[in-house]
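> Just dropping this structure here.
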Amino acid sequence: MAPGLDLTPDFHPPTTTTTTTNNAPPQQRTLLLAPPTLATHGEARLATLFTTTYPRATTDLQMLDRLAAGLVTLPATTYDLVLVLTDPDGSRRAEAAALLADRAVWARLVPAVRAGGRVASEEGGGEGTEFLGDQRVGREAVLAGLVAGGVGGFVKPEYAEEEAVPLRFGKKKAAAAAAAAVSSAGPAVGTVKVATATSAGKKEEVGMVPPAVAAAAAAPAGVGFVDFSDDLDLDVEDDEDVIDEETLLTEEDLWRPIQQPPECQPQPGKKRRACKDCTCGLASRMEAEDKARRAKADSDLNTLKLKSEDLNELDFTVQGKTGSCGSCYLGDAFRCSDCPYIGLPAFKPGEEVKIVNNAIQL
């Protein structure tokens, strides 16, 4: 075997890793909101702003109309200043105010502003909640969570982080204070033996605990008693005024027509129906009408019912005798459903009808 050379180093120096921490504050970023006309007729002015006042590296430009249409998504908590470009003379103020009066624009804009960031206009000014000379724009900004700034515009407030604070009732401290309050003579005694004038020289036990304290000590643990006769020293008059509900409505209110909700109005060609949770009285009125209609139908039906003594057999074989309808002899086509001559052929009034061998003989 041919000899070989080991070229790996025998000395391994320790390797150290250096970690650099960047504690520098975040870079200030600015968002410029431009009306649509500024993009078509203000290219030179935008170039001047980027070269003189707002560096392009830390400045973003968005169009107000695209933001209002929801075509732009802004990064969250990014901008320290949101500047609405309206020209120093305010020539584009009305155009920008018309777009910022939409609540959806502020809903997309405010989350992109950092805590403590400002929303201002290029022309400045504005008192109170007025922004771009329009109270509506300022109202929408306040409803979105901004507060009016002192130098015009609005500021996003810095809210402190929520922190849970435990509630301690100090039961241990109260128990320690009660134990320290006991005198050095020992614990309190409940009864003592003393000689009285009526005891004839004998000592009697006398209670040293007040009755109220003794009753409270005799109560079981965890059970409380409420004295409903105690008014807690509140100045409450016994003769409280009770409002009569019948006096809340006047005669004019009672005669006023009921305003029918739109959902209760019947559709064309359909019968009016009441809602499940009807409160206008339509359901009760329709129920009363149904009951009255059913009662009338029952009464009409009872008038048509005949008793057993009224159902006398009518002899059609006698000349001149006819049924109540007068058409029994004409045939089944003219007979009632309960006619006893159903199935018989037509015959003449007074004609004798015989049945021989289950065959009808006229």
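In case you wondered, yes, glycine gets a Cβ from its N, Cα and C as well.
Sequence annotations record features per position, and here Swiss-Prot assigns [2Fe-2S] cluster binding site to Cys264, Cys275, Cys278, Cys280. Positions annotated as [4Fe-4S] cluster binding site by Swiss-Prot: Cys325, Cys328, Cys336, Cys339. Marked as region 'Disordered' by Swiss-Prot: 1-28. If you look up Swiss-Prot, you'll see 24-165 marked as region 'N-terminal SAM-like domain', on the strength of sequence analysis. Among the features that Swiss-Prot reports, region 'Linker' is placed at 166-254, with the record citing sequence analysis. What Swiss-Prot lists as region 'Fe-S binding site A' is 264-280. Annotation source Swiss-Prot lists region 'Fe-S binding site B' at 325-339. The motif 'Cx2C motif 1' annotation in Swiss-Prot covers 325-328. For 336-339, the entry in Swiss-Prot reads motif 'Cx2C motif 2'.
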> Check Cys280 ([2Fe-2S] cluster binding site) against DSSP and tell me helix, strand or coil, would you?
coil
> Restricting to the same chain and to residues at least six past its boundaries, which positions have a Cβ under 8 Å from a Cβ of the region 'Fe-S binding site A' (264-280)?
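For the region 'Fe-S binding site A' (264-280), the list is 258, 286.
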> Pop the Cα-Cα gap between Cys336 ([4Fe-4S] cluster binding site) and Cys275 ([2Fe-2S] cluster binding site) into the table, whole Å please.
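If we compare the Cα positions of Cys275 ([2Fe-2S] cluster binding site) and Cys336 ([4Fe-4S] cluster binding site), the gap is 44 Å.
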> Report the DSSP secondary-structure composition of the motif 'Cx2C motif 2' (336-339) as helix, strand and coil residue counts.
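Per DSSP, the residues of the motif 'Cx2C motif 2' (336-339) fall into 0 helix, 0 strand, 4 coil.
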> Measure from the Cβ of Cys328 ([4Fe-4S] cluster binding site) and count the other Cβ atoms within 10 Å, all protein chains considered.
24
> If you average pLDDT over the motif 'Cx2C motif 2' (336-339), what do you get?
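The predicted confidence over the motif 'Cx2C motif 2' (336-339), as a mean pLDDT, is 76.
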> Please list the DSSP helix, strand and coil residue counts for the region 'N-terminal SAM-like domain' (24-165).
51 helix, 31 strand, 60 coil
> Rounded to the nearest Å, what's the C-alpha distance separating Cys280 ([2Fe-2S] cluster binding site) and Cys336 ([4Fe-4S] cluster binding site)? Just drop the number here, would you?
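With the alpha carbons as reference points, the distance is 48 Å.
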> Could you check which of the binding-site residues Cys328, Cys336, Cys339 is the closest Cα neighbour of Cys278 ([2Fe-2S] cluster binding site)?
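Answer for the nearest of the binding-site residues: Cys336.
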> Counting across all protein chains shown, how many other Cβ atoms sit within 10 Å of the Cβ of Cys278 ([2Fe-2S] cluster binding site)?
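Cys278 ([2Fe-2S] cluster binding site): 15 neighbouring Cβ atoms within 10 Å.
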